[in-house]
Amino acid sequence: MKTAFFQPDIPTQPNDHKILGNVLPGADALAISEISEQNQNLTVVVTPDTRSAVRLSRVLSELSSQDVCLFPDWETLPYDTFSPHQEIISSRLSALFHLQNAKKGIFLLPISTLMQRLCPPQYLQHNVLLIKKGDRLVIDKMRLQLEAAGYRAVEQVLEHGEYAVRGALLDLFPMGSAVPFRLDFFDDEIDSIRTFDVDTQRTLDEISSINLLPAHEFPTDDKGIEFFRAQFRETFGEIRRDPEHIYQQISKGTLISGIEYWQPLFFAEMATLFDYLPEQTLFVDMENNQTQGERFYQDAKQRYEQRKVDPMRPLLSPEKLWLNVDEVNRRLKSYPRITFKAEKVRSSVRQKNLPVAALPEVTIQSQQKEPLGQLRQFIEHFKGNVLFSVETEGRRETLLDLLSPLKLKPKQIQSLEQIENEKFSLLVSSLEQGFIIEQSLPVAIIGEANLLGKRIQQRSRDKRKTINPDTLVRNLAELKIGQPVVHLDHGVGRYGGLVTLDTGGIKAEYLLLNYANESKLYVPVTSLHLISRYVGGSDESAPLHKLGNEAWAKSRQKAAEKIRDVAAELLDVYAQREAKKGFAFKYDREEFQQFSATFPFEETYDQEMAINAVISDMCQPKAMDRLVCGDVGFGKTEVAMRAAFLAVMNHKQVAVLVPTTLLAQQHYENFKDRFANLPVNVEVLSRFKTAKEQKQILENLAEGKVDILIGTHKLIQSDVKFNDLGLLIIDEEHRFGVGQKEKIKQLRANIDILTLTATPIPRTLNMAMNGIRDLSIISTPPARRLSIKTFVRQNDDLVVREAILREILRGGQVYYLHNDVASIENTAEKLTALVPEARVIVGHGQMRERELERVMSDFYHQRYNVLVCSTIIETGIDVPTANTIIIERADHFGLAQLHQLRGRVGRSHHQAYAYLLTPPPKMMTKDAERRLDALENLDNLGAGFILATHDLEIRGAGELLGNEQSGQIESIGFSLYMELLDAAVKALKEGREPSLEELTQQQADIELRVPALLPDDYLGDVNMRLSFYKRIAAAESKAELDELKVELIDRFGLLPDATKNLLQITELRLLVEPLNVVRIDAGTQGGFIEFSAKAQVNPDKFIQLIQKEPIVYRFDGPFKFKFMKDLSDNKVRLEFVVDLLRTIAA
C-alpha cells in the first residue's frame, strides 16, 4: 500500500519498546501492514491465539506486498497422546528452514507457539540434503540416508515424509515441498528428477534439484535414538522392562503417538524461536498475549500433574518443553518491539495512538420501518470517502441490492490505494470489521460485520486433486486372504493369495482360490476378467461351492433367466425415458469458459468428467436424468452451477430443490456468489422471506423475471408457477417424503433433471448402474492431506473432554450428536459441567423452525463452539470451522448415515476428528461392530460410493433391491449380477434374446508357454499387482493397453520381458474375441488354434496359408487349425502367433 494512512514510529534498537494505542478491532491488520512496509527487517507478529493468527494471515496476504508466513501450532494439547499431522510438521520445518535467511516479510504465530522449545538451528542446517540432477548416488545409499532422516518406506507415496523404491525409480515427498518427486537413476547417477501427481501417480514437470528436509523435528537415526536412551536414563533413572514402556518402544525405533513431548531428550540443548531470528527483527505484540500465555502455561502445568502418574509414559516437566511468560519477556528485551493496545494511550515519545475512530452503529435492521436508517444518517453527515468491504463477489451483489434504496452505486476498486479517488467504493477483501481513518480527508471503512452482524471467518478450502473412480465395485485391490470371490465358471470360493508356480521351467503367477472339500483352483493372471469380488451379504453367509459340481451352473442359469426379465423391465422404463422429448440446449463455448474461469478452485478430474457429461446430456433433444454422486464437499454444487448457467443462457428457468431451509440459504449465497457478475436473477423461497417478499418473488417467477429459484418443498406447491422451466436440480433426493417425490415426478415430465447425492443409497446406486439414470461419480477425496481421523471408543468423559478441548483451543467448533430429544438438554448441561471452557448450544428437529434457524445461525457465526444436536445436521450447512464430531451410540446408525454425519467436518485445512462412541462390545450387535470397523478403516477414500457397496455386503442385497432379486444376488454375488445384467440389457437393446452362453461368454484359453507376469521385484505390493492384473485383463482395446503400458513404465520403470509378454498375450485375446476362438496352444514344435462351432471366419485365408506352406499348416477336424514349425525361442513364438492371427482376422 503506497499511500500510508499513518506514519509508524519504528523502533530499531534492542529493548526499544513502543506502544501503539487505539488499535480498534479490524484496524490491527492495517497497522501491521503499514509497519512491515516501513520496517527494513523481518516483522514477527505474536497473537493471543491460533484463531487470530489465521485471521491476520488471511487479511495480510491481501493487504500487504510482503511475504506472509504463518508458523502453525501443533494443534495438540500439552502432553497429548496424539502427534501433529505430517502436514503441520512439514509446514513448521519449512518455515524454520527459510526463517534462517529471512531478511524482510511478516511472520505470524500464537503466543503458545512462541513459548515452545524447538529443535536447534544446527539440526536443520546439518540435516538438509541438496539433491541435483546428474549427482552420483547409489540408490541403496540414498535409501539409508532417507531412513536416517526419518522418512517412511511405503509402497505408494501419498504424504509428506514418505518414499518408495522400485527398481531404478525412487519416489519421495520431501517435508516442506508442495509436490512429491520421482528420481530416475541410470546406474549410480540421477538421470532425471520429475514432480508427480499424488493421485494418478503420473509424472508432471522435470526440475533440476530439490532440498530434502528431515522428516521430524528431532533425529530418528541410530545416533539420535542412542542419545535419547542415555538422556532418558539420566532423567528418569530406573527403567521398566515392559515392552509397552515408552523407553522400550522408542529404543526399538517405534515413534509412538505424542513422542513430540519427549523431544528435549533427543538434543543436548533445545532452542527457541528467538535462536532462529535475525538480530534486527521487529516484534509486534498483541494486548492479550500475556494473559493467554500465562493461561497456557498454567494449563500445561495442570495437565502435567494429572498425567505424570502413568508409569508407562513418565513426563518431562513443563519448563523442559516451554518458556514461561517471564522468560519470553526477558528474551523480547533483546529486540525492538511495538505493543498494540485497544484503549487510547497518553501521547509521548514512547506512546502513540493509531489515527482511527470507531464507526457509529450502521447495522441494517430488517425489522424496522427504515432498515437502512442508521446507515443513511451516517453517510449524510460523514465528510470523507466511504469504502464498503465484502468477503466475496456474491456478497458484493447482495450488498449492492441492500444499498439500492439509498441510490448508492459504489465503484469497485482492486486495492486500498484507490480509496482516495472515490467518494463511494467497494473492495472484495477479508476486512470484516470497519473503522474510520482520521486524516485530512477521512475514510470510513464499513465491513460486513458492521452491516450484517458478526460473520464467520471462512477458512479457505484446498484445491483438490482427484483419483479416477476405477470400477470401484469390481476392483480387487481391497481383497484380503479368506474373502469370498466369484469365478464365472466355478462359483464362489475364498481368496488364498497370489502364488508363483513354475511349470515346465516357465514362471507364471496365479490367483489361488479355495473351494469346498479343500479343493484348490489356480487361476492364471491372464484370466482375472473371470474373477469378481463377492458382494451381496456378509462374508460368513457367502456360499462356498464345490468344484466340478452342478450347483453353480444351476444357480447361474436361474439367475440369468431372472436377469432377463429384469433387463426387459428396465428397458421398458428406459424406452419411456428415451421417448420423452426434452429441450436441446445450445452451447456457447466462449461464454461457458468465461463462467467456468470464475470457479476459484481447480476442477478435479471427476468433476470435469461430470460437468462434460451433464452439458452433453443437456444439449441432446431427449430429457436428461442424471445422478451425480459425490461425497460431502466434493464439488457437486459446481456441477449444478454449470448446468444452471447453460440453462439460463438459453433463457430457461432453473429450480433448485433442497431438503432444508438452511441449505436453501447456503445454496442461495453460493449461487449469488457465482452469478454475481452476470445479468442473472437468483432468488430463494424460504421462511427467511416475509409473506410480501414471497408473493413478489412468485409474481416475478411467473413473469420470467427470476432465472434461478432455490427453495425447499415450497417449490413444488401448486401456487408456484414457472414461466419456462428448463432444468430441475434436486439435492439429496432421498431426504424427501413419498408425497413430495410424487409431486417431483409430475414436474419431471419433459424437463432436464440433475440429482445430486452424497451417499448413493444402494437402490439408487443400482438403478444408476443399470443405466436407467445416467451416473457420474465424483470420487475425488477431499484434499488428501487431511482426511478425517476416525476413532471408535467406548463412551468415556475423559475422551470427550480431551476431544472438545483439543478442538476449541485451536479456534474450532464441535458437533456433539445425541439422538434423543428427551434427554438432549441434560446432555448439554453435563457437557457444560465437563468442559466449562466451551460455549454450548442445543439444536434438534422438534424445535420451532425459527428457533432452530437462530441456533444454527449462531453456531455458524461462532457465537457458540459446541453444538449438541440430533441428526438434523446430516444435511446441514457448511461450517468450515467445525472440525470435530462426537457421535453417541454410533452403533445405532447405518453406515451411509454415519458417513454422511462424519462428512460434516473436515472442510478446511485442519486435521478433522470423528469420535464414534459406543457401549461395551457385549451390548452391540455383530453388524454394528462391522459397520464401525468399515468406517474407521475408510478415513482416506472418497468413500460415499465405496460405502454404499460395503452396505450391500453388510446388509445383504435383500432390503435394498426388494426380495425378488436378492435371492439371485446372494447366490451369484452383486458384481457378477451387475455384469450379467449389463450384458442382458445390451442384447435386448440390439433386439436379440440374451442367451446364458452369451451372458457367460467364455474368453479364449491361451497357452503359449512363455513367462507372462508382473515380477515381484518389479512391482512388490501384492494388492497393487492384483489391481494391475485386473486392469490389464479387463482392458477392452489396444489403446487402453498402451495407456497401461505407459503408466507402468512411468510408475515402475522399464518393462521386464515377462510383463511385455503379459501385455502382448492380452492384446492377442482382444484380437481373437470377434473370431470365436476357444483355445490357442503353442509350444517349441508348433501348436493349434481351435474355433467354436459358431465361428464365422473367411475360409479363403486358411486355404491361402495351406497352399503357400503345406508343410507348416493343416486342418485337424472342422474347427482345429494346426501349425508345425520350430518355435523354441519364446519371443519368436509369441510374434509368430500374433502375426498368424492378424492374417486370419484381416
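From the backbone N, Cα and C atoms, a Cβ is placed for every residue, glycine too.
Lys636 (ATP binding site) is surrounded by 24 other CB atoms, counting those within 10 A of its CB over all protein chains shown. Taken from Swiss-Prot, the feature ATP binding site applies to Gly630, Asp631, Val632, Gly633, Phe634, Gly635, Lys636, Thr637, supported by sequence analysis.
Swiss-Prot lists 617-778 with the feature domain 'Helicase ATP-binding'. In the predicted structure, the domain 'Helicase ATP-binding' (617-778) carries a mean pLDDT of 80.
The domain 'Helicase C-terminal' annotation in Swiss-Prot covers 800-953.
Sequence annotations record features per position, and here Swiss-Prot assigns motif 'DEEH box' to 731-734.
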Chain-internal residues near Thr637 (ATP binding site), provided their CB is under 8 angstroms and they sit 6+ positions away: His667, Asn670, Leu756
Those binding-site residues listed as Gly630, Gly635, and which of them has the most Cβ atoms within 10 Å of its own Cβ: Gly630
Three-state secondary structure, Gly630 (ATP binding site) (per DSSP): strand
